[in-house]
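K.L.:
So TrEMBL says this about it:
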ACT_SITE  434  active site, proton acceptor
BINDING   152, 191  FAD binding site
DOMAIN    26-146  domain 'Acyl-coenzyme A oxidase N-terminal'
DOMAIN    288-449  domain 'Acyl-CoA oxidase C-alpha1'
DOMAIN    487-664  domain 'Acyl-CoA oxidase C-terminal'
Ligand SMILES: CC/C=C\C/C=C\C/C=C\C/C=C\CC/C=C/C(=O)SCCNC(=O)CCNC(=O)[C@H](O)C(C)(C)COP(=O)(O)OP(=O)(O)OC[C@H]1O[C@@H](n2cnc3c(N)ncnc32)[C@H](O)[C@@H]1OP(=O)(O)O
Ligand SMILES: Cc1cc2nc3c(=O)[nH]c(=O)nc-3n(C[C@H](O)[C@H](O)[C@H](O)COP(=O)(O)OP(=O)(O)OC[C@H]3O[C@@H](n4cnc5c(N)ncnc54)[C@H](O)[C@@H]3O)c2cc1C
């Protein structure tokens, strides 16, 4: 039998090889769990190998040494080369293959086609009529035109009903007049809007006969297809550097009474007829589909960002030696410290959990998308609630995990050589885009409050909130039953979420009964409401993890995932235990049990730590991290990496003659006086 950890190679750092030799499971079989099939895991590696054979697709130098302009140019250069090889490298109809190709070749900092693939094409697929698809979608898929999704304005992002850009129907000419009447009405933020795209789906407030019909989607050509010059009545540009994600030209757009044909409104579900008659869609929020599309996929992208940071941190922690546990023995790998394990392992478990919850979410999303094709909208509310909660909780916990990974690398974690700070910057954008996290938690809370009301009225609720109608134990059975079952943990999570949902509900009802208007009462309860949403979502994540472990057949993989799940349940429960202590559902003795199970779990995970992160099969090319190198040879490569610094081109910088020398000279002169 070969090595179970598939990353072992001759010449690697002995400390990392030692870790890999301890693996109790086949890392490539584990990759099949993460990427949802063995075929998908195989394809990722095949794509990486093929890319490595194309010299023009390699980074010209480490990305942190590029200026913003160079980053934009480098991403565009690679997109050009990729287009030549695309059909040989991937199945272009497979989103996961395309996503992987992008991560390996270009990385997370963006590229001119980022929003084209992530939102422009999906919005056309979901909202364009067949005729409109012929006109734009097929051209977009062949990349004859490049588009983006332009919704957010300088003054409004969260509250779509107050978008100031107007699309006023002119019956006489059968046109819409698109206008940005104020500075704050300018589109501000859309990815690739600034310089790359020549088309955009613009979301504007529809006005017919002076009546406001709310946000609707319109196809707008921004630039000449040959010269790329902005068209008349259009002002467009880049919004400037950001915290990260700087290979992308997030942009602004001002429309000055721009006229577009009536048929440029995306009309698959909603219509404005020639005479201005408005025909409602089957569901009022069908036009929000592009946002739901991204939210549904964000769990997996966040899992990927988190796993990338942890791969870097865990590999580095296995070659970094510092300090002693036993003073008579050599310095230990920092991974031996319990604090280091506690800092990293629960986040490894979360990365797996997000990936499994993500797979379930994408399945529901695909079903709803198919239903919507035929006008069936029943599950839209469930999907909106689920994706709103997950989007918020997963991005927030990912942020925490990446930052812990950075700190766990000590000083070198702060260097861009770790690349963790860039991953952090990219990932935390997710707390804001596709709906600011608090705003989206409050969307889920609306759904939860409706369910709570139904239960209070004696109705049975099912599906994602079914547990609100299920029997509850007054006291948790954790450590109170002979068999060790995850059910006792999941029931405790259910109890905690249920209690909080009803606590928020009762508070809201009390305020409403006292005569407070709904919106004011809602605001005064909103912290409690967001707590309810978080707890409900964390329950779902734990359940999704347990469902996946239950379904795994391979004994060794099941055992390894079981260890991670055990860690996850104990760690997460400790994190929210105050809710269960408050009403005596858990007692001090059970808390001690949970804590000791957590510490036991850390020890159980330790031998497989490197293998759990290796199983994500993230190549050096896509990690772009000196600390996270597969071979563990960090130190000599840190030194090589620093040679790229432009400050090292000369021994003496011009600033010496200009500023430092006069400063020192004058100081020396003064001290002689
Ligand atoms: C595939 C690739 C994946 C990931 C990216 C990869 C890599 C990441 C790297 C870099 C980044 C790349 C891309 C980022 C791109 C970012 C793009 C954007 O940010 S686009 C702009 C996004 N903007 C928002 O999300 C705005 C948030 N606001 C809203 O969505 C709405 O304003 C809000 C839902 C908050 C309110 O809407 P409103 O119309 O006012 O409704 P109201 O509150 O009154 O609710 C009425 C009723 O409708 C229900 N509802 C709302 N939305 C939906 C929906 N989508 N589906 C179903 N139902 C919905 C709502 O619950 C309520 O129901 P009830 O009355 O309670 O029954
Ligand atoms: C990297 C990145 C990429 C983006 N890409 C795109 C894109 O391609 N296309 C596009 O159209 N947009 C894009 N955006 C914009 C993004 O979608 C919005 O910034 C986001 O939806 C948040 O809206 P806002 O900026 O209006 O925040 P605000 O709503 O102004 O948020 C400010 C604060 O107010 C709070 N708040 C607001 N409303 C409420 C409420 N009702 N209840 C309680 N609290 C509230 C928020 O919680 C937050 O704390 C992008 C943004 C980023 C950062």
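Each Cβ is built from the backbone N, Cα and C atoms, and glycine gets one as well.
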K.L.:
Using DSSP, tally how many residues of the domain 'Acyl-coenzyme A oxidase N-terminal' (26-146) sit in helix, strand and coil.
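P.N.:
Helix/strand/coil tally for the domain 'Acyl-coenzyme A oxidase N-terminal' (26-146): 88 helix, 0 strand, 33 coil.
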K.L.:
Taking just the CA atoms, what is the gap between residue 152 (FAD binding site) and the residue listed as 'active site, proton acceptor' in Å?
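P.N.:
Cα-Cα distance, residue 152 (FAD binding site) to the residue listed as 'active site, proton acceptor': 10 Å.
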K.L.:
Measuring Cα to Cα, how far is residue 434 (active site, proton acceptor) from residue 191 (FAD binding site) in Å?
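P.N.:
Just about 12 Å between their Cα atoms.
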K.L.:
Once the chains shown are all counted, how many other Cβ atoms turn up within 10 Å of the Cβ of residue 152 (FAD binding site)?
P.N.:
18
K.L.:
Once near-sequence residues are set aside, which residues in the chain of residue 191 (FAD binding site), 6 or more away, have Cβ atoms under 8 Å from its Cβ?
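P.N.:
Long-range Cβ contacts: 110, 114, 115, 118, 119, 148, 149, 248, 249, 250, 251.
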K.L.:
What is the total of other Cβ atoms whose distance to the Cβ of the residue listed as 'active site, proton acceptor' is within 10 Å?
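P.N.:
That number is 24.
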